[in-house]
Structures are given as structure tokens and as C-alpha cells.
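Look at Swiss-Prot and you will find 1-35 tagged as transit peptide, backed by experimental evidence. According to Swiss-Prot, the feature FAD binding site maps to 71-80, K89, G154, 183-185, D355, 361-364. The disulfide bond feature in Swiss-Prot is assigned to C80-C85; the stated evidence is similarity to another entry. Residues or ranges marked as phosphoserine in Swiss-Prot: S285, S297, S502. Annotated active site, proton acceptor per Swiss-Prot: H487, in sequence order.
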Amino acid sequence: MQSWSRVYCTLAKRGHFNRIAHGLQGVSAVPLRTYADQPIDADVTVIGSGPGGYVAAIKAAQLGFKTVCIEKNETLGGTCLNVGCIPSKALLNNSHYYHMAHGKDFASRGIEMSEVRLNLEKMMEQKSNAVKALTGGIAHLFKQNKVVRVNGYGKITGKNQVTATKADGSTEVINTKNILIATGSEVTPFPGITIDEDTVVSSTGALSLKKVPEKMVVIGAGVIGVELGSVWQRLGADVTAVELLGHVGGIGIDMEVSKNFQRILQKQGFKFKLNTKVIGATKKSDGNIDVSIEAASGGKAEVITCDVLLVCIGRRPFTQNLGLEELGIELDPRGRIPVNTRFQTKIPNIYAIGDVVAGPMLAHKAEDEGIICVEGMAGGAVHIDYNCVPSVIYTHPEVAWVGKSEEQLKEEGIEYKVGKFPFAANSRAKTNADTDGMVKILGQKSTDRVLGAHIIGPGAGEMINEAALALEYGASCEDIARVCHAHPTLSEAFREANLAASFGKAINF
């Protein structure tokens, strides 16, 4: 549990931020800049309006800083809102409904439908409307918080200067006390394979296909690969994912959960070729694509033919033409911007957060860094425990985890205990006829402290936040087990798993 000294410290910091906010000058009332000869003066200039950038800009303005946010695209929100998290979740949700209606699921619930048809155009329209509403929402929040928005490509042209260049070549200069780089990431290209966003697509193109592929090959069975692959598999495509690693779900996933996840996806019709590498891809005259693969350890090559090839081998930091070289800021071997614990680069008033720095490329991680970074600019404490940052795969069932996996605990030599509870024994999952998966809790053997939580099943993405809170506050498995959970709810499975971890036995299993 949180100590009283930590509570007092937190309250003191809040008071410190309030005093700073009242002491600073008011922010600009101009929500959108047009291009002019007169430079803008700012306290904080944020380059990029993705989850990290726009949240940091709003927080900076709320703390009393005169804040500018530069965005090269017409809409705010970055990759996440425009061609990432948000549109993909719309398609994941709606394709799941279609799959339930088109298969035997609805019939088993007493819902009989004579004909179920897919209107892909309408599904894409709903996705686009969700994106439009949310990106417009950020613009409204900027106006509400008096964040000055500048359209253009931001480049750092001096220690205290950023120049935004518009598509027509016109420029705007911002003289600023602090600069925050939040330019995000871009799709990692596959050597020898050219993405045309038509038949050879990245995650961006996979969100806007004009028709359901007959056969789709996905290079990579990590988070993005299985999410987008499952969308098109549910809508009727024959989908095969080729993965260099020996498991699905990417780095960080617990291996027991990964095996269960693969089994469930295969039961749904998703195919996998693990421990397999892609050698190349060739477009044929009939429009199809031959994908050459072989075992990761080497061996005889095999060819898989598809009409759509989806490349999902990860993302890389986007730092092109930011002016870093001229400032003497060198990137690390993975193309990331080195920063200290306060997110400062080697130039103290130039900061970087999100996908351009080390750590998982997650929207919520970038948001946290953005808030804490600008609080640091205002003189506050800066601390993030990356062990408490959750990860979610938004398939059905969902997969989510936070903290350590069994593999990590074994590698670190930490003695631990395990508590599990299957959704098949959860009353709400039973009534919903959605019982695949389990909750798995890892606790420290000597102290009972929660070290990790791994969930596969309905509502995993929502439930994992309870685990993140427990980790952040240093809760024990018993602490969670003694919290009364509403009945009947899926989250009772989380309590039961903690009962199993702390006392050696769950109640309902």
C-alpha cells in the first residue's frame, strides 16, 4: 500500500504545480496560426500532435505555459488517431460483430437471421467518422486550452527556435524557451519489398482495403499483425501469418498466454507459420503475389500465394529532417533520441518523448511521458515506472499484460508464485457464452507483492488497468483478493486469480 509519506509528497507536488500555474503569465488566445512574417514567441513548442504531443501541449497550457503545437498533417492526432489505434479498433469491433452474426454464435443465442451481408464501404465509413470525431475533438481541446496550432513540418533551427514549413513552401518561425520532440514513428520497411498500399500494404493500407482479400499473408505475428490479420480473417479472408519468432503476440507476452492465444486464434481459422522467415515477394501478371518463405534455421524454400500482402514487422522512430545533426544530437543504434530521466536531450531545453525515445512504442506510454515531461519543465518531479505500463492486443479474445512475465522472473532469479483463474469458471463469462482464456497473477514468494498480471479473455484490456494500479501502488495479491468486486462481473476472475496466488486456492475453481 502507498505510504503516508508518499501521499504527503504527492500533495506537496500538486500544490507546487498550482503555485507555478498561478504564477506564470497567461497563454495565447489564438487557437490557429496563419503564416506571417512576424515570429511567434512561446514557452513550449511541441513538434507533433500524436498522443504524446497533443497531451503534452494541453498539459503545458494548463500549467500556464504559452504553448505552440506544430503538426505536418491536416488533422491532429498523429498515427494513433488517424491510421493506427483508433481506426483499427473500429474495424476490430465491427468485424467481431459480423463474425458473430455470420457464424453460429448468434444462432446459439436464439438470434436467427436469414441473411447476413457485409457492407464494407459502410464499415469503413463508420471507422472514418470515429476518426473524424476524435481528431476534431483534439482541435476543440486545443482551442479550449488556448494551445496555438501551427500547420507545417517542424524543424529545429536553433537552440530556441523551430521553423514550420507548409506544403506550399511558406514558413513560420517560433522563438521558444523549450522544445519538445514528439514526432512518433513510421512503418519499418521490409528489405526488397515495396509497399504500394494497394496489394502490398502496411498497417495504414490494411485499414482501407476496398474489398476483402481472398488470401492474405501477414509478415509478422506481433500485436499489429494479429490484430489486422484477425479483422480480415473475420470478414472472410484466408489469413496466414509468417513469424520469425517461435510464438505469437510479440515481445513481452507471457509464453503460456501466447500458446493459449495461438490455439484460440487457430480455432477461429487464423493460420500461422512460426520460426519462419520471408525471403522475398514477387508480383505476378495476374495480380497475385508469391511470397517466398523458409525455416528460420534454413532449409527448403516454400511459396505462399496471396492477393494481399500485409507487412507488419514493427515501427521505427521518425526523426527525419528535424535538425538534430546540426544541433549535435546523435541518435542511438536503433535510431532513437537519447534522453535523461527528465526527457532532456544533450541540449537541456530540448526534450523528446514517445516513440522517438527508448521504451515500448505505445500511445499511453507517450501520453504519460508527455504529461510528466512538461511537469518537469515546471519544476516538478519526473518519474515513470515502465514496469507499470500495460500492453493490450485488441483481438477477440483480448490479451493484456503488465509487469513481469514468468520468463523474465526466471531470468532475473526472482522467486515467485502463480495464481490462475479460468473465465470458464466466471459467472459473467458463462452468461455471455464467452469463456475462452484466463487470468494469471505472478506474486513475489516472500512478500506476496504483485509482480505481473497476464490476461487472455473478454475485457482483458479494461481489466489490466486494475493490475497496473496494483503494481503502481505496490499492492500485494492479498490486497486485491480482499477488495470486494461486484457480482457478476468479468473482473471477479481477477480477484479469484489473486486469491489463488495469495492463499493457494481460488473460491470458485
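The backbone N, Cα and C atoms fix where each Cβ goes, glycine too.
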By Cα geometry, the one of the recorded positions (C85, S285, H487, S502) nearest E74 (FAD binding site) is C85
If you measure between the CA atoms of T183 (FAD binding site) and S285 (phosphoserine) and round to the nearest Å, you get 39
Checking the recorded positions S285, S297, H487, S502 against A363 (FAD binding site) with a 10 Å Cα-Cα cut-off, in sequence order, leaves none
Integer Å value for the Cα distance linking S285 (phosphoserine) with C80 (FAD binding site) is 35
Other C-beta atoms within 10 angstroms of the C-beta of T183 (FAD binding site) total 28
A correct count of other C-beta atoms within 10 Å of the C-beta of A363 (FAD binding site) gives 22
Comparing the Cα of S297 (phosphoserine) with the Cα atoms of the recorded positions D355, H487, S502, the shortest distance belongs to D355
Cβ density check for C80 (FAD binding site), other Cβ within 10 Å (all protein chains) comes to 23
Of the binding-site residues listed (E71, E74, D355), the greatest number of other CB atoms within 10 A surrounds the CB of D355
Same-chain residues at least 6 apart in sequence with Cβ under 8 Å of the Cβ of H487 (active site, proton acceptor), in sequence order, are S427
